[in-house]
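TrEMBL annotations:
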type     : residues                                       : note
REGION   : 64-83                                          : region 'Disordered'
REGION   : 233-252                                        : region 'Disordered'
COMPBIAS : 238-252                                        : compositional bias 'Basic and acidic residues'
DOMAIN   : 408-739                                        : domain 'Kinesin motor'
BINDING  : G492, Q493, T494, G495, S496, G497, K498, T499 : ATP binding site
REGION   : 728-783                                        : region 'Disordered'
COMPBIAS : 731-760                                        : compositional bias 'Polar residues'
Amino acid sequence: MVTKHKNVTKKFFIERMNSMTENRAKEHGRNSNVAANGDFSAQVLTSNGELEARFIEDSLFLGSSTPKSESPKGGFSSPLSGEEKRKILSESKFQRSLKSPILSDPSTTLTHVGNYKFHEVFQLKQGRYMDLPPSKISEMMKSNSLDYLLLQNAPTQSLLSVVNSILDESVERNNSEIPHRVACLLRKVVQEIERRISTQAEHLRTQNNLFKAREEKYQSRIRVLEALAIGTNEETENEKNNREEKKKEEDESLIRLTKEKDQSNVEILALKQELEMTKNHCLDLEKEAKNCSFELEEKLKTLEKLYEDSKNKVIELESFSETKSQSWNKKELIYQRFMEIQFGAFQDLRLSSNSIKQEIIKAKENYTEEINNFGFKLKTLANAAQNYHSVLAENRKIFNELQELKGNIRVYCRIRPFLPGQKERKTIIEHIDENGELIVANPSKPGKDGHRLFKFNKVFGQASTQEDVFSDTQPLIRSVLDGYNVCIFAYGQTGSGKTYTMTGPNASSKENWGVNYRALSDLFSISQTRKSSISYEIGVQMIEIYNEQYNITFVSLNLHTLGIVTHYQPNGLAVPDASMHPVKSTSDVIELMEIGLKNRSVSFTALNERSSRSHSCVTIHVRGLDSKTGATLHGNLHLVDLAGSERVDRSEVTGDRLKEAQHINKSLSALGDVIFALAQKSSHVPYRNSKLTQVLQSSLASLRNTIAKKDEEIERLQLLKVHPGTGSLLKYTSPSLNRESEKNGNNVPKKSIRNSSSGKSLGGLTEKTTSSDHDNSSDYSLEEFLDQLKNRRTPSQLHHCQRAP
Ligand SMILES: Nc1ncnc2c1ncn2[C@@H]1O[C@H](COP(=O)(O)OP(=O)(O)OP(=O)(O)O)[C@@H](O)[C@H]1O
């Protein structure tokens, strides 16, 4: 059985080798007799343990296929002996199975060597070697490339072919002599071949030893296997299977290991790269560490310095805090003392606050008591206040009755002093009585005729002030606020001081204020004192009458001519377009009146540098509302500054100025007529004879009622006669127009009536004239006006007188 197994194994090897040989032979395209004969020269065990039989064709012996060779084994004829050839052949037979790296694939050896192509060299045909010139052979021999390549890289078969060719050529030519150089070449070739053979032989010996060892090994295995096979075929089979499985596992493990190895290699590579990177990184870190350490050293130095500084500062601060704490300790002590004082004061305060509290309680009680008393007193006062209004009304009534007793029409005379620069003359004023009598001297007439007596309500001398003049007017202002109409006229010849008396030289100083401003100022002050019971509204109108035409002096500087007013205007001027300006204070009135005065018509005359050529009329309307009763009061105050009257011949005026003078005189005569008619209770009062009387119609009409019926609306008329105190001026007549006054004997001395030589009683109007002479220097128109009052002369007569030379 063992033998059988041996044969099977041997057979297996043989078959395997044959198949390989066949394949090899196919590759080389030739028939291998050796394979066919089942001859194999060697067995090769691969590293995997796989037996592989290789038939290695040795090209060295394939050279026997050369057609020229006579040798059945493909040998070649050479000078070698037959023994040597056999030896070579026997050795070749064995070595044929060996693989020679040099001879294994001649086709793959160099095809290009240096500048020479290998096949060119070995394609040199027979006979050419001999034909080569010595120089060419020498060159070839000298050529390292040829020599080297020929020997080192040329296939052995080729080398042998070359040698054979050379030898064959030499034999054919029967030339026993071989050129030296060829011989050298041959020797070299032969040497190379010998070297190769010896190398191969050495290699083969080594291989042989190896094979022998392996063979022994395999044989021992075979023996083991045979033993095993003898033991049990099944086990063998199993073992075989196990072996195969093991082999498979080993293969798998090998593959796995290989993979693991590859993987490990990859990992190693990655690790190496990582290591490299880490090294670089470490280098960078080292650099950074160096830099950092350098910086840290610097910082350390700085910090040390700072530490030193801070140490010093700490020392300083400690000393400073020491001093501070000492000062604070001192302060604390002071504060403690202060607190103690404060605490003591606080205690005192608490005590005093308690006492104040007690006092407050007491004061509260007193206060309550007083409040109660006050309440009681207040009730009494309320009762008194209730009575106050009735008392006030009573007072007003009594006051106005007193005014009426004094006379509703009053005439005052003011003597103007000499003006600075005026020629000093002897005054004609001889005596001024406190009762209103004025005695004027006429030096041109001797005896009794040289004196004239005039009677007025009051005469103001040359030394009288604006205040003195106003003092007698003042009560009338109160009457306006009580609802009376008051008319104050200033008349007199040009330059006698009418405007001075009514307005004053300038409004800037209160001392110089005339009747107008003082009256208004009084009006406002009285209205203020009464405002708790009566609230007043005050308005102002101002017009001028120039050449029998109206000018509304507040409107503008341009004169504004209006038509004649025909309708009756109660309590106001009969001029519809004269605007009413509400005023709140005296300054408002001053402002308005200054505008009016600027607009007033003035011109130069021989008697007065700046003569007022118009009648100026300021009307103040007062409306009072009694807050308790709701009753309303209406009163108005006319302040009339009449134009200067003059004798036309004396004033030496002509043209427009003459016309102005005539208009002025005419209107003054008309005023005299109206007053006379009113005093006479005449059925006809000639208001329409002049614009002046038309404008004042409503106010003058109430005068008539006053005279007729005492209970009705009362009008008061005050005539301020102003004349210069020079000797050249007129004899004067003093009218007292109040019949009631006359009855009471208040205003008109009986003596005057008795002594009247030329005058007649005119229903209460009396006059006393001590001289009937008409002084040429007298004021003609005024004279006429007064004469009219005395003699009831008609305006036509007056007109006639004016024309008389
Ligand atoms: N009582 C007085 N004291 C001082 N100067 C006075 C007095 N009265 C008038 N004068 C002065 O006399 C001059 C004439 O006065 P005023 O202009 O008032 O007269 P008049 O009567 O209004 O004149 P006319 O009728 O022409 O307008 C003025 O310079 C004025 O200052």
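Glycine too: its Cβ is placed from the backbone N, Cα and C atoms.
The structure displayed is predicted, hence computed values, not measured ones.
TrEMBL feature annotations superimposed on the structure.
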residue	record	CB count, 10 Å
G492	ATP binding site	25
Q493	ATP binding site	26
T494	ATP binding site	22
G495	ATP binding site	23
S496	ATP binding site	28
G497	ATP binding site	20
K498	ATP binding site	29
T499	ATP binding site	25
In three-state DSSP terms, the structure that S496 (ATP binding site) belongs to:
coil
Secondary structure content of the region 'Disordered' (233-252), with strand meaning DSSP E or B:
20 helix, 0 strand, 0 coil
